[in-house]
Amino acid sequence: MATSSRMPIILLLGLTLILAISRTTQANDPDILTDFVTPNTSSVDASFFTFSGLSAYYNPNPKNFTVLKATMNEFPALNGQSVSYAVLQFPAAAVNPPHTHPRSAELLLVMMGTLEVGFVDTKNVLYNQTLQTGDMFVFPKGLVHFQYNRNHNQSAIAISAFGSANGGLLSVPKSVFTTGIDDNVLAMSFKTDVPTVQKIELGLKK
């Protein structure tokens, strides 16, 4: 009797575990069963595997923080290959606000200038570093991180590699303050008042 009464609980736990594993798997790039994935055309040539969208990466005087992407959205040949790139252009004193990539770690290489970078782990420990030209830094998958050009006189350029054809992007400020969460909830959560929350929301919409 005791054994039979445990069966539904064991079955429920097993189904929960399977669901959790399947959701974790879906968060990663799926394995493909062919050498590469092509669009619905009869054939492709070498141009399909070529991308020139990062050719303008070197801009010594960018006006705004800019990201040039090479994900499967811009470069379809990356579909199924679990790799992608981005070039980050920082004007003097520019910041790439705290954000996460839910489907990939990020490996950043500073190509010009210096950058202050950091991430926060699940124990709320900040790992902070100032990178010089040629330095690399890895941001673990899914953790909140940022980059900041503290130099007020020189721009900076970095290249980021991702272990996903589309690592995804969740901007912490925008996902919190521009998605319609009730202002009272935000005010209580951040220990402030509604006018302050609304001021932040207005600033992010500009």
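Cβ coordinates come from backbone N, Cα and C, glycine included.
Caution: TrEMBL annotation is automatic and unverified by curators.
For ASN96, HIS101, GLU106, the entry in TrEMBL reads oxalate binding site. As annotated by TrEMBL, Mn(2+) binding site applies to HIS99, HIS101, GLU106, HIS145. Among the features that TrEMBL reports, domain 'Cupin type-1' is placed at 54-198. Feature annotation from TrEMBL assigns signal peptide to 1-27.
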Which same-chain residues, if any, lie at least 6 apart from HIS145 (Mn(2+) binding site) yet have Cβ under 8 Å of it: PRO98, HIS99, THR100, GLU106, VAL117, GLY118, PHE119, VAL120, PHE139
Nonlocal residues around HIS101 (oxalate binding site), in sequence order (Cβ under 8 Å, 6 or more apart): PHE139, LYS141, GLY142, PHE162, SER164, GLY167, GLY168, LEU169, LEU170
Within the predicted model, mean pLDDT of the domain 'Cupin type-1' (54-198): 95
Composition by DSSP (helix, strand, coil) of residues within the domain 'Cupin type-1' (54-198): 21 helix, 55 strand, 69 coil
Neighbours of HIS99, HIS101, GLU106, HIS145 excl. site residues, C-beta within 8 Å of centre, Mn(2+): THR100, PHE119, PHE139, LEU143, VAL144, GLY167, LEU169
Number of Cβ atoms other than its own within 10 Å, given for ASN96 (oxalate binding site): 20
